[in-house]
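Below: one structure, written as C-alpha cells.
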Amino acid sequence: MNFETKIYTKIGGYGRYNRIVSIFSWFPNFAVMLNLFCDVFYTLIPGSYHCKPDPTLLPSGFLFSNYSRQGYLNFAIPWVNGSGLSHCKLYKYPRNVSNFIDRIPKEIVPCTRGWEYDQAAALQSNYVTEWNLVCGDYWKIPLQHICFMTGWIVGYVLLGTMCDWLGRQQGFLLSVSLSSLLGVAVCLSNSPVVFLLLRLSQGAMLAGVFLSSYLAKIDAEYPDYTQPCYHSVLELRSTRVIWRNCLILSFTMFIGTGIQYCFIRNLHSYSHNFYFSYFLRVLTGALGCIFLCLSVNRFGRRGILLLSAIITGLSSLLLLALTQYLHGVLVLGLSVLGLLFSQALAMLSAFFASEVMPTVVRGGCLGLVLASGCMGMAASSMMELQNNRGYFLHHVIFASFAVLSVLSIMLLPESKRKPLPDSLKDGESQRRPPLFLSREDNLPLLYTRRGASEYNPDNYSRLVSATRKMLIKDDLPYKIVVPSQSPLLPSNSEVHCTLEEEALREDLS
C-alpha cells in the first residue's frame, strides 16, 4: 500500500474525508462497548440479600406485631458470623410452640419463597434478581457470560471472513440490523434460557459491528472500484510468516485479556465496593490507551508490545509469590500496574494485527486475534463457574504464558512507518528487523567475504603487472591453440584480432 508513504502525505494527509470516516466509526464502536460492558451490570449480584421469611415455617402462635423488622428477620433467618443474615437458609419451627422465651428446637431448611435483594448497582433489577439466580442457581451467572463470549468468538471468525468476501460495508449493515433486532428481543426474554440464547446471538452480531467498522476505517483510502480477492482464513495454512504472526498476536491477546482476572481479584480483596474496582478498571484502560498513543509511534509496535508483556508477567509473578508477605498497598499497586499493562498488551495486539495482516485476509485474521481475546475473557468465567477452586492454577498458567510471550514477540516484524501489506505475497515478505537498531530490513540472508584479488584498481602499475602474469601463465582457464594449417584467405575478423594482439604485446613490453 504505497499510497500511505508516497501519495498520502502529498495530497494533504489526514484530510476532511478521513476525519469524517473516523468520527462516524466511533458511534458504532461506542454502542458496541456499551453492550459489552453492560454485561457487568446484568450479572452483578447485590451486595446484600436474604431469603424471604415464610410464615408457614414459624410457630402458629407467633405474633408479628411483637417484633420489629430486624427482630422478625433474626427470628426467621439464621445468622452467619461475619456475613450477617444467611443468604440461602431459613429456620423451621414446630407449629405447636407457645413459649418463645426459652430455647426453641428448630431446624434449618432452604429458602421457600424467594429472596429479598438490596438494589443492584445502577439497576433496579437485573438478570440475577429477575430470576433469583443465587444459591443453587448461581452457576447460571458465569454460564451467561461464557455464552455471551462464545457469541463474540463466533461473530469475529465468521463475520470477519464475510467482510473479506462480501466487503466491509455489507458486513457492517448486516451486523447492525441484526444486532438491533436481537437487542430488542433480549429485553423481551421471559426465561433464563431464552436470555442466554439471545445474548449469544447478539454477541455474534456485535462482534461483526465492531470488526467491520474497524476494518472500514482502516481501508477508507481505497477507491470505490477496487475489486475483492476471495481468500479465506484456511489459506493461512499454506503461508509461513502470516500464520506465525497471527498465532503470536492471538497468543498475546489471549494472555492480555485472560490475566486481567488475576489482578481484578486482588482489587476485590482490597475493597468490596463495586464502583472502586469498576472505575479503576476503566481508568487503567484509558491510561493504557494514552500510553500506546504516546509511545508506539516513537519506539515501535514490537518494542512496546514486548515491554507490556514483560511488566505484565513480572507483576503477575510477584503477586503469585509474595502476596501473603506484601503490604496491602503494595499488592494494590502491583495489581493496578499489571492491569494497566495487560490492557495495553491486549489493545496493542489488536492494533498490531490490523497492520501486519494483508488486506485480502485482514478481516479473518483480525477476527481470529480478537476471538482469542474473548477466549481469555471466558476463562475468568470458567473460574467462577467452579467457585474459584482452580484460581491458583489459572494464575500460574497465565503468568507462565506471559513469560513465554516475551520470546515469541521477538519473531514479529515491525510495522512502524511501513506500508500496509495488500496481498499474501506482501505479508510473506515481512521480516523482523533488529529490536534496538534503526536500519532498513533489506539485509541479505548470508554474508560472503570476498577473496583476495590479484587486481588492485588503485594502482595502475600493479594492474599492468598482474595482467602480464596472467597472460604468461600456463594454467589459463582457456588456451589459444594455433591451427596446424592456416587458411588460404584469412577473414577480416581474424586479421583484426591479430592486429589487436600485436598492439597489446607492444604496449606490455
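Just so you know, glycine gets a Cβ as well, placed from its N, Cα and C.
Unlike curated records, TrEMBL annotations are generated automatically.
Residues annotated as transmembrane segment in TrEMBL: 20-45 (among others).
Annotation source TrEMBL lists transmembrane segment at 141-159 (among others).
The transmembrane segment annotation in TrEMBL covers 171-197 (among others).
For the transmembrane segment (203-220), same-chain residues at least 6 beyond its ends with a Cβ under 8 Å from one of its own Cβ atoms are 17-18, 21-22, 25, 28-29, 31-32, 35-36, 147-156, 158-160, 162-163, 168-169, 171-172, 174-176, 178-179, 182, 354, 359, 362-363, 366-367, 370, 374, 420. Annotation source TrEMBL lists transmembrane segment at 203-220 (among others).
If you look up TrEMBL, you'll see 241-263 (among others) marked as transmembrane segment.
Within the same chain, residues 40, 121, 260, 264, 267-268, 304, 336, 339-341, 343-344, 347-348, 351, 416 sit at least 6 positions outside the transmembrane segment (275-296) and bring their C-beta atoms closer than 8 Å to a C-beta of that stretch. TrEMBL lists 275-296 (among others) with the feature transmembrane segment.
Marked as transmembrane segment by TrEMBL: 303-323 (among others).
Residues or ranges marked as transmembrane segment in TrEMBL: 329-353 (among others). Beyond its flanks by at least six residues, the transmembrane segment (329-353) meets 245-246, 249-250, 252-253, 255-257, 259-260, 262-264, 266-267, 270, 280-281, 284-285, 287-289, 291-292, 296, 301-302, 304-305, 307-309, 311-312, 315-316, 318-319, 323, 365-366, 369-370, 373, 376, 412, 415 of its own chain at Cβ-Cβ distances under 8 Å.
As annotated by TrEMBL, transmembrane segment applies to 360-379 (among others).
Positions annotated as transmembrane segment by TrEMBL: 391-412 (among others). Within its own chain, the transmembrane segment (391-412) has Cβ neighbours under 8 Å at 244-245, 248-249, 251-252, 254-255, 258-259, 261-262, 265, 301-302, 305-306, 309-310, 312-313, 316-317, 319-320, 352, 356, 379, 383, 432, 435, counting only residues six or more beyond its boundaries.
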Would you mind listing the long-range same-chain contacts of the transmembrane segment (241-263), meaning Cβ under 8 Å and 6+ residues beyond its ends?
281, 305, 308-309, 312, 315-316, 319, 335-336, 338-339, 342-347, 349-350, 352-353, 356-358, 361, 365, 368-377, 379-380, 383, 391, 394-395, 398-399, 401-402, 405, 408-409, 411-413, 424, 427-430
State the non-local partners of the transmembrane segment (141-159) in its own chain: residues 6+ outside its ends, Cβ under 8 Å from one of its Cβ atoms.
39, 42-43, 45, 127-128, 133, 171, 174-175, 192, 195-197, 199-208, 211-212, 233, 363-364, 367-368, 370-371, 374-375, 377-378, 381-382, 384-385
